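The structure under discussion appears below in the form of structure tokens.
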């Protein structure tokens, strides 16, 4: 690294530290479980996206081992050259069945799935209407297109309609929203958005990263939760790294959509395909949720209990509707201090501040899973009570 570049990088790092934005990730010293190990201590884990408890499940590990032994360590190529194997087709067929759509296409990253699908769908002359709290992958994906980009106030259907009225086009009108919003835990009002899209001849695009495996029958997602899963004008994109405990993303919808993405989605075209072990584990997760749908109900039982008890303690959880349960602290230093104190009490829950969330809205984001026991949640709640009183957040 040249001296000038080194100085530039150091200057930027110092700025991040001054502004309280510097990140130093915690290192987990045990598997991704509801109880794990951080900094040498056993902790209740409220920081992961392991919604259904699949990350270290014996069945998924066995499926991964089987596919590793049968198919080897890697795929060796991009999908369009020599990197599409029968196990990739098997996974896509399983995802389409699960989502209730004509087809599904697996992409190599959840983040770049949005870039790939949006880039393939949109061109100059199209207009996009995007919720202001959409995920960074949507924001970055839209920046790479030539479509006109308009932002509507969060979950504000009246504002969305104003924009639809004012911006007609002969091209595609695409309404883009998260299914479940990752910082607040609220659900997109698809029951209002989809009818509005029909009225103005628009297509709806849902990033269901935090809804898949959580909402709907057997965790089939936000779109299924609202009953729009067979609508050809609703495009679903989701990740394979959260509830399904793997890596990657996928798009589900009409067969023609899959064919278009195979030909035009750049992350699909230029990234090596999933290795066999990952696909084996993902297939195992989809098999398990069919056999054990009670996991989703257990997730919701735990979620309801944890939210109710936090409210009883006097915490503001920002009206969250899902297992994503933010606890509001306001200023980032306070949230980070609370996170540090919780860790001392044996609870791993991470503070989040600006720019991930607005200034004055710093919080600790908790995610309850199906694998947590009541005893684990009670330990976390006791820690929250102790820390909250120490910091003067609750009485």
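Cβ atoms are placed via backbone N, Cα and C, with glycine included.
In Swiss-Prot, the pyridoxal 5'-phosphate site is described by 110, 111, 207, 208, 209, 210, 239, 240, 241, 242, and among 182, 271, 273 the residue recorded at this site is 182.
Around the Cβ of residue 208 (pyridoxal 5'-phosphate binding site), the number of neighbouring Cβ atoms within 10 Å comes to 29.
Binding of pyridoxal 5'-phosphate is attributed in the record to 110, 111, 182, 207, 208, 209, 210, 239, 240, 241, 242, and the widest Cα separation among these residues amounts to 15 Å. On a Cα basis, residue 135 (substrate binding site) lies 11 Å away from residue 110 (pyridoxal 5'-phosphate binding site). Comparing residue 208 (pyridoxal 5'-phosphate binding site) with residue 135 (substrate binding site), their Cα atoms are 10 Å apart once rounded.
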